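Annotated transmembrane segment per TrEMBL: B:12-34, B:70-91, B:103-122, B:238-256, B:262-278, B:285-302, B:314-333, B:438-458, B:464-482, B:576-599, B:619-641, B:653-670 (among others), in sequence order.
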Amino acid sequence: MKILRLFVSCLAVLGVLGALPVFLAGRASAEPIVIDHERGTLTLDHPAKRVAVTNWAFTETVMALGLDPVAIADPVDYREWVAKPDLPENFTDIGQRGSPNLEALRAAKPDLILISQELEMAYENLSDIAPVMVLSVYNDGNVAFDTASTMMRKVAKAIGREAEGEAYLKQVDEKLVEYGARVRAVLGDGNKITIASFYSETNIGVFGAPSLPGSVLKRMDVPMSYDGPVSKWGFARGGLEILAPLAKTTLVYTNPIPDVIYQKVWSSPMWKVMDFVRNKRVYELPVVWAYGGVASGLRFARLLAESLESGPVQ
Amino acid sequence: MSPTAHMNIKRVFPRTPTILLGVLALSCIGVLIADFWPFLQRGLAGQVILSPDETDFDQILFHYSTLPRLAMAFLCGAGLALAGAAIQTVLRNPLASPTTLGVGAGVEFALTIFILIAPASFAIFQEAFALAGGMIALGAVYLIAAKRGNATLWLILAGMIVNLLLQSGTQVLLLFNEQYLQSVFMWGAGDLAQNGWDATLFILPRVAIGMIAVLALSRPLDLLALGDETASSLGAKVTVLRLLILGFAVFITASVISAAGMIGFVGLAVPAALRIAGLTRSRDLMIYSVFTGGFALLFIDFMVRQFNGLGGDILPTGAATALFGAPFIILILRKARIIPGNQSDDQHSDQQIISKTGLSILLTVILIVGVVFSLFTSLDGNGFAVLGWTGPWGDSSLDIFTGRAERTFAAMICGAALAVSGTLIQRVGRNPLASPEITGVSSATALAIIIALAIFGVGQRADLMLVGAFGGIISLIVLLALCRKFNHAPHYMLLNGLALTAILGAIVRIVLTRSGTQTSMLLSWLAGTTYFTNMDEVMIVAGVTGVLLIVAIALRRPLELASLGTDQSVSLGLGISTFQFAMMLVAAILAAAATLLVGPLSFVGLMAPHLARVAGYRLAGGHLLGSVLIGVNVMMVAEWLARNILYPQQLPTGLIAALIGTSYFLILAARKR
C-alpha cells in the first residue's frame, strides 16, 4: 500500500510538474505584447491573428512568417510585380495601396493593420478600425535589409511568431552567405556588380547601398559598384550616362521592362559601347520587388545567383 | 461691344526684338563653348561631331547624349514657340499657347493612356493618338468658349478648366499604375535627356514640315490678325485657314511632347515677349519666335543640366522651364490690355421652368434622400448592398455608418464652401467661367502641404493642415500685392491667380518627381479625396463656411451692385474696389478651407454658381443659397460614385466632381450651337 501511495503521489507530482510549463506558458501569453513603432507604442492583449497588409513588403513578410493576411492591398499587381510567394486563396481585396478601402477593411475584421509612412495621414482613421502599426522600411538613409529585418521581428512579435521569425531570419542569413559565394564564383576576383532598373530608355535607376538590393549584396559579401548620392528609396536616377563610370562592372537589370523600352535601350549607340555590353557582362533578373521586405531580399539573392550562373544576356 | 478682343501692344523700341534675340544667341554660343571646351582644347571638336572615337567614352557621351540634347532643346523650343505664335495670331489672344489651351495636357493624357494600356503592336498609332488627344482638348476649349465669341479671357479660362481636368485624369491613371510612376511621371515632367539621335531624327522632319506650313500660311495670317470681317472681305477662307494653321500648330506640339514630354511656357512666353518687345507683323513674329524659342530652351536646358544628379535625382527640364516662363504671364498682363469679353447672355435667354421656391424644395428633398441613400447603400463587389439589411445590423455597421457620414459630410461641406466662393468670384469678377481654383489659393495651400510632407517629413495631419492654411494666406498676400495696380478690373485678379497656379503647378511637379515614397498618397490627395478627413476638420470648415455664407448673404445688396453694370462706375473712377477685394478675400479663404479638407480640385466652385444662375437664381442672396444647394448635391453624388464605382478601388472625389463639371460645360456648349 505504501508503495502504491508513493507511486500515486509521485504521479501527482509529475502531473503537476508536467502541467506547470503549460500553465506558465498560458500565463505568458496573457501578458500584453508591447511593441514600439513610428507612431508610439502598440499594446496587444493577444497575438494578432487577422492581419491587414497595406503594402507588399508587409504582405510577403506576414506570409513568410506562416500567417495568411486577411486583407491585402493591390493583389492583382502583386502577382505581376512581386510574383512570389503566392497569395492565399481567401482574403479581402482592399484596393490601392495608396488608399486602402476603409469599409472593405472593416468588413475583413482585422485585429492588426500594418502601414508605412506613406499612409501616415490616414493613421487616425485606420486606428478606428483596428490597432495600427506604422513601420517604414524605406526612409531617409535607412539600410533597407536591416530595417526590413527589424520590421519582420516586430511583425513576428505582434502575431506571436517570434520563434518562427528568428528561425526565418537565421535561415535567410545562411542562404545569403551561400548565394553570395555562388555569385562571387561567377563574378571572379575584383569585379563589382551594378544593379539597375530601366524606367525608360533615358531614365535609369541605379541602386545604392541603402536600397534593398544594395543592402542584400552587402550581406552576401558581394562588392557593389555605385556609391554616389541616392534618393529616399535608395537609388540614383539619371540618363544612360549614369552607367558610364560603372561600365567596367557587371550589370544586372531588373524586370519587368516594357518591350518598347527594352528594344530602345539595346539599340542605343551609347549602350552598345558600354564595356559591359561589349564584353558580355549584362545579366537579367526575373521579376523581384526591389522595394519589399526580407523575403524579397532573399528572392533577389537567389535569382541573382541563378541569373549569373545561367549566363549573360545575348 | 464687339465679340472679338483686341490687343493693344505698345511699341517699345523697334530694335528690342533684335537685341533680345542677339543676347540669347550670344548666351547660346557661350553654352556651346562651355559644352565643347574639353574637345576644343584637344582640337577634337570636328571629330566628336562627325565620327567620335568609339573607345573614348567622353567622346561617345558627347556625340550621343550632349549633342542630340542640344539639338532637341533647340528644335523643341523653336517648334513650341512657333506653335504658340501661330495660335496667338489665329485666336488673336496674347495668352493663348499650346499649354494654356489644353493641347499639351490633351497630348499628355492621350500618350499616358497609350503607354499604360496599348499593346506593343500598336506602337505605330502612337503619334495619331497623341495628335487626336491634342486636337480634342483644343476643340473642347474652343467649344466651351465659342459662345462668348472666344474673347481672350473666356478662352483662357476654358483652357484652364480642360487643362486641370486632363492633368488630374493623367494623375489618376498613374495612381492606378503606381509602378510606372517613375517612368511616366518623369516623362510628363518634360525630360530632354538623350541616348542617341533617334528622338532628334523623329522630331526634325515633323517640326520642319510644321514650320514650313505655318510660315507659308503666315501671309494670310496677317489678314486674319485684322479681324474676321476684314479677312473675309479680302477673300480669305477664314475658317479653313484658321483650322489649318491650328492643326499644324497642334501637330508640332504633339510631336514635341511625344518626344520630350511636357515642356511648358516656351510656346506662351516667347511669342508674347516678342510682341511686347514690338513685333506686330505675324511673319516677323513667327521667324523671330523660331530662333528666340530655340535659343531660350537651349539656354534654360543648359542651366537645368547643371542641377542634374543633385541628391541622386534628375531635375526635369519641362517643369523647370515653367518656372522660368510663368513670371512672363504676369509681365504680359501688365503690358497687354485684355478685354474680358461681353457678359454672358445666360441671364436673360433661359426660361424659368419651375419657380425658385419649387426648385429649392426639390433640391432639398434630393439632398435629404441622397444623404440617406449614400449613408446606407454601397456596392461591395458582389453588387448592391444596403447597410443593416444584407448584413446584420451589428456593432461594425455603426462604425461603417459613421465612417461614411464623415466622408459624405466632408464632401458636402467642401461643395458648400466652394459654391459660396465661386458665386462671389463670379459675381464680383462678372465672369461665369471664373472658379475658386484659379485664384491660385488652392494651389498654394496644396503646395505648402506637399513641401511639408515630402521635403520636411511632416506626417501628422493636424500639422499639415496648419502648414496648408499658412501657405494659403501667403498666396493671398502675394495675389493682393500683384493686383494692387489693377483694382479697377477684377479679371486681372483671375489672370494673376492663373499665373500663380501655373508657377505653383510647376513646383508641385518638381517636388513630386523627387519625393519618392509619398508620391502616390500626394497624387490622390491632389486630385481631391475625402479619404484622409476626420470629423473635427469637417466641423471646423463647416463653421467657417457657415459664418462666411451668412456674411455674404448679409452683404447681398452691395454684391448685387458689384455684379451689375459697374462698367460706368469704373470708367468714372468710382471704384468699388475695396468691396470687391473684401469679397475676393472671403472667396479665397473659403477655397483654402475646402482645399484643406479634400484637396485642391473639384470645379464645384465653377459649376454650382453657374448652374444656379441658369436655373433662375438671379439675385445675389438667392444665387448664394441656390449654388450652395447645388454644390452640396453634386459633391454628395460625386463622393458616393468615387467610393463605389470601382469598389474596392477608390477614385478621388475631386476627379468625379471635375468630370461632372466639365461634362456639364461641354453639353451646355454643344446645345447652344
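Just so it is clear, glycine is given a Cβ too, placed from its N, Cα and C backbone atoms.
Residues 31-32, 35, 97-98, 101, 150, 155, 192, 194, 199-200, 203-204, 207, 210-211, 214, 221, 224-225, 242, 245-246, 248-250, 252-253, 255-256, 259-260, 263, 266-268, 270-272, 274-275, 282, 285-286, 289-298, 300-301, 317 of the same chain lie 6+ residues outside the transmembrane segment (B:70-91) yet bring a C-beta within less than 8 angstroms of a C-beta in it. Outside the transmembrane segment (B:464-482) by six or more residues, the chain places 330, 439-449, 452-453, 458, 493, 496-497, 500, 504, 537, 581, 585, 588-589, 591-592, 595-596 with a CB less than 8 A from a CB of the stretch. Note on the transmembrane segment (B:12-34): residues 40, 70, 273-274, 276-279, 284, 288, 291-292, 295-296, 298-299, 302 of its chain, located 6 or more positions outside it, place their CB under 8 angstroms from a CB of the stretch.
Residues 129-138, 162-163, 166-167, 169-170, 173-174, 177, 180, 184, 187-188, 249-250, 253-254, 257-258, 261-262, 264 of the same chain lie 6+ residues outside the transmembrane segment (B:103-122) yet bring a C-beta within less than 8 angstroms of a C-beta in it.
Within the same chain, the transmembrane segment (B:314-333) packs against the transmembrane segment (B:285-302): three or more Cβ pairs sit under 8 Å, each pair at least 6 residues apart.
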